[in-house]
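Encoded as structure tokens, the structure appears first; notes follow it.
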Ligand SMILES: Nc1nc2c(ncn2[C@@H]2O[C@H](COP(=O)(O)OP(=O)(O)OP(=O)(O)O)[C@@H](O)[C@H]2O)c(=O)[nH]1
Ligand SMILES: [K+]
Ligand SMILES: [Mg+2]
């Protein structure tokens, strides 16, 4: 496992720009020495007390004056000696303070390096470190509450509980393998099957909660696709409540991929409007259509918009027929799809859910009819309820790890049914544990740590 290096690091900890107060943070074995070099020689710093002091560069030039706080390790954020210099919040001024610290032997911190040291020094686990980043980045109150939950360890607790149950089961199974003379026929032993089943349920539950947490954080990506002039851009504008996209009656108006994020009762929705799909001799439009397909492939859900005055009832159950000849098929992508029958004002369709066709709604993007039903439908399609919160925030990597653990456990359960060798079950349980421990960072590849922490900003 990576060890924290012994450099003393420094960075501006407050947001870039001007503010009343700006904080420069030092961490490492020489934090106190570096900070002291900027202050009058007579200054001694009592731990966890605010001291007022001047800050000077190596030439004795006054940079600023403000408060100094010293947190001796290991009871500090990073687990190392930490000193905070709180000056006035000007970018040039704070940079001078950082440069003065560097002159005294500190090094500029890399993105996320303070949090990474806190993790490596066991001050927190990975989900807590990620909780800090998510809290800072939270775009909604619900997302911020979920991130605080992670920060306080709610996610780690849930995962550690699963690991604990898993270890108990592994001990039993491995013992049965190692001591066959004991004649514990654990394969037909109801205890193993029962415990495994409990574990599968508990893991599925944590996964469901994590999915909600991830939804609050990242939202859902909806790609609006369809033939030219179906009313895709009109739908984007109607949902965004803003004229983000150009709407005209000319087929092929939209060329670029347009992105707009909206909130649906606290759930972020990333809406993407695309060029109308058709064969076109125009090279600009061709490029737009290529990009449209690129966006479609990345969608969490596709909103296939069709002009309801042009469709026949038979086409409704075969979405691929709703695109012109020569286009790729949507059904082969395996992405959830909603059929939006637009221009209901012209076709006379009743706006809202079409009860005899699943995942089909009629709307009038131009007049706003059926949009409330569409919003409600979108929330329900992902299991999101208004005002919902999640006890913790989660990221894609957490979901993948939980999914992997669940698949391993389910695979293990099938081994039981097949009366196969216990080694196979043991292997599945080991795999599940590894996946779960990757979430909290008990088990982690070095490059995973690098990837996670480098996505944090400098000073975090
Ligand atoms: N009557 C009626 N007209 C609509 C409705 N929605 C869109 N339109 C009209 O249909 C035409 C095309 O609308 P757009 O939103 O530009 O369609 P688009 O699918 O984005 O078109 P491209 O970008 O060219 O692919 C415009 O003249 C809109 O005013 C609707 O609900 N009812
Ligand atoms: K158009
Ligand atoms: Mg358009």
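Glycine is treated like the rest: Cβ placed from N, Cα and C.
Residue 123 ((6S)-5-formyl-5,6,7,8-tetrahydrofolate binding site) carries neither a helix nor a strand DSSP state and counts as coil. Counting only same-chain residues at least 6 apart in sequence, those with a Cβ under 8 Å from the Cβ of residue 123 ((6S)-5-formyl-5,6,7,8-tetrahydrofolate binding site) are 74, 76, 77, 78, 79. Summarising the annotation, TrEMBL assigns (6S)-5-formyl-5,6,7,8-tetrahydrofolate binding site to 25, 84, 123, 460.
Within the model, the domain 'TrmE-type G' (219-383) shows a mean pLDDT value of 94, rounded to a whole number. Per TrEMBL, the feature domain 'TrmE-type G' maps to 219-383.
The GTP binding site annotation in TrEMBL covers 229-234, 248-254, 273-276, 342-345. Taking a C-beta cut-off of under 8 angstroms and a sequence separation of 6 or more, residue 254 (GTP binding site) has the following same-chain neighbours: 232, 233, 245, 246, 273, 274, 275, 276, 288.
Same-chain residues at least 6 positions away in sequence with a Cβ under 8 Å from that of residue 250 (K(+) binding site) are, in sequence order, 229. What TrEMBL records for 229, 248, 250, 253 is K(+) binding site.
TrEMBL lists 233, 254 with the feature Mg(2+) binding site. According to DSSP, residue 254 (GTP binding site) sits in a coil region rather than a helix or strand.
DSSP assigns residue 233 (Mg(2+) binding site) to a helical segment in the three-state reduction.
Among the binding-site residues 25, 232, 275, 460, no residue has its Cβ under 6 Å from any atom of ligand 2. Here the candidates are the binding-site residues 25, 84, 253, 460, and by Cα distance the one nearest residue 343 (GTP binding site) turns out to be 253. DSSP classifies residue 84 ((6S)-5-formyl-5,6,7,8-tetrahydrofolate binding site) as strand under the three-state reduction.
Cα of residue 251 (GTP binding site) to Cα of residue 460 ((6S)-5-formyl-5,6,7,8-tetrahydrofolate binding site): a span of 48 Å.
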